[in-house]
């Protein structure tokens, strides 16, 4: 698999590149590719979004063909677009989403931050809030779009939306959770490694103990701490 570091790129340009690569991978003209980059500030709205997650009427998101609701991209946030052929990996979109979550949890752990899944949600969380968002699209079983991992970005833009359609859910960054400055370059290295070693015909099995129960009222890790859980699951 090819890992391509694009540094910074406008959203429309990156989307056009994804479309070209996805078509080429589906036709056997190109190898699978992971695009890693940052975007200038932009809001995007996936297929699940209906405007209810946009309490600020001045927000004008780019409507795109990925799953999920509304989110924000900007400097200091690592965006990853894997262009993968799921046709030779079991055609299991659910397993692919869990694979992306595991990659991000492992990357966060390597940088000193514990993160976890929440049943019924897609993405990863910490005690401080949502750390990464995931939204994908598939054409001819080739993936597009992917994940956005908050590293050291400004969190103020998230206050103008209900991130991923979740009302009242705080958003956090790796740097905030680690209590130190983490760079996008550090995160790129941690995220890229699992893709570089990905088998051509399978997705790894995912552990089951990283998922918190869907019946919980909050997305927080089990612990003895008395801190107030940060993120009510209200939609």
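Yeah, the Cβs are placed from backbone N, Cα and C, and that goes for glycine too.
Annotated in Swiss-Prot:
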DOMAIN    28-203  domain 'BPL/LPL catalytic'
BINDING   66, 67, 68, 69, 70, 71, 72, 73, 133, 134, 135, 146, 147, 148  substrate binding site
SITE      130  site 'Lowers pKa of active site Cys'
ACT_SITE  164  active site, acyl-thioester intermediate
REGION    202-235  region 'Disordered'
Cβ atoms near residue 147 (substrate binding site) (within 10 Å, other residues, all chains): 23
Taking the Cβ of residue 72 (substrate binding site) as the centre, count every other Cβ atom within 10 Å, in any protein chain shown. 26
Just to be sure I understand the packing, how many Cβ atoms besides its own are within 10 Å of the Cβ of residue 133 (substrate binding site)? 27
Can you tell me how many other Cβ atoms are located within 10 Å of the Cβ belonging to residue 66 (substrate binding site)? 20
Kindly state the mean pLDDT of the domain 'BPL/LPL catalytic' (28-203) in the predicted structure. 89
Other C-beta atoms that fall within 10 angstroms of the C-beta of residue 70 (substrate binding site): 27
Taking only the CA atoms, the spacing between residue 70 (substrate binding site) and residue 130 (site 'Lowers pKa of active site Cys'), expressed in whole angstrom, is 14
66, 72, 147 filtered to the binding-site residues whose C-alpha is within 10 Å of residue 130 (site 'Lowers pKa of active site Cys'): none
